[in-house]
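Only one structure is covered here, and it is reproduced in the block below.
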């Protein structure tokens, strides 16, 4: 075994008919973890329903359907490899909850692949005011996905016919737009592809001799590897907390920042319970330490299942422990809300694993979505498309952090009417004093070591 490959998480964004599923399916199909038998089965099924031209997207649709029905599928199906890296597609926007997933995301995306339909009329629809291309690019950037590869897809369409002119036109327009969003255009690579025919996906296309740049796979290989935040203080939001006979209370969650080791004294907020970590397990194996990205179960002493629950955050008692938030100030972008939002609006916020109503106590100012400049002080109300600075008050105990300190605990989705109506990133938090909480005997003993 040589050096371990770099792991990168990707989100695929773009307008509804840009060909995301076909392009993504193609990569997974050619470089991924789907075995030949499964593909042959998919091909046969696609042919049987007369959708043979749909086989790559079919791969993705099958995976999506299984995912939505709650069948946990082998994550290898969402992976593909290049000589240098292993890529995991963590989400593709066909999902109803795409935006929510991107925020509370199973994991932060390291880069976005923006797929654009080059065909006449389709590109224009995607980039128009109502098109999702703009919305997705802005969302990705706001949520901290700073690297992007842009694919000009459907170069094989008869209105494009692998032409350079159309490609240049699209590059110019998309560059101008993503620059406005905040991306550094110098670092964004554009690749003309056909997700269906396979041009420039993995091998250079002979049909576009005018294009001298990398293929899509090569462009993905040129992305900068992510820096995992293991040097920050520990933050581990709980997904569940179970009682296991003979072992005791086992909280389960994903380490977002920092490191956790057996013997550590940890505090859970907002529950305000402090105890010792006895042991840590991942995939039924004992771990000497858990680092960012690890989904772990850990055994804690003298704590009952009633004390801690999903949405609580675990941190190291001696190193900036998490605390309950009294209130917080956030930059909020309203995506789709039918009416006006004023002070007193109290929707549910999904932030890391917590799902809690928060009141818009005070809309402090309306700001420009891109530059952040103030447009209006204390507006009466805000509506779809607006960005604002809002002071929010959780209606039940909740633990959140400033986005710049602990990104996964500092971004949230605002849910109302069964959809994501807004997204936000937290700029400041007023924390409650964490004294006077429950400290277990085990914690006292371990602290003396």
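Positions of Cβ are set from backbone N, Cα and C atoms, glycine also.
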From 153-156, 157-160, 161-164, the residue range that Swiss-Prot assigns the feature region 'G4': 153-156
Among ranges 14-21, 22-29, whichever one Swiss-Prot labels region 'G1': 14-21
Range annotated as region 'G2' - as stated in Swiss-Prot, picked from 70-74, 75-79, 80-84: 70-74
Range annotated as region 'G3' - as stated in Swiss-Prot, picked from 63-66, 87-90, 91-94: 91-94
Structural state census, the region 'G4' (153-156) (DSSP three-state): 0 helix, 1 strand, 3 coil
Alpha-carbon distance [residue 362 (5-glutamyl glycerylphosphorylethanolamine); residue 155 (GTP binding site)] in Å: 49
Chain residues in Cβ proximity to the region 'G4' (153-156) (below 8 Å; excluding those fewer than six residues from its ends, i.e. six or more beyond): 18-19, 22-23, 115-119, 122, 162, 167, 192-197, 199-200, 207-208
Local Cβ density at residue 155 (GTP binding site) - other Cβ atoms counted within 10 Å: 27
Distance from residue 14 (GTP binding site) back to residue 362 (5-glutamyl glycerylphosphorylethanolamine), taken between C-alpha atoms, in Å: 34
Least buried by Cβ count (within 10 Å) of the recorded positions 14, 362: 362
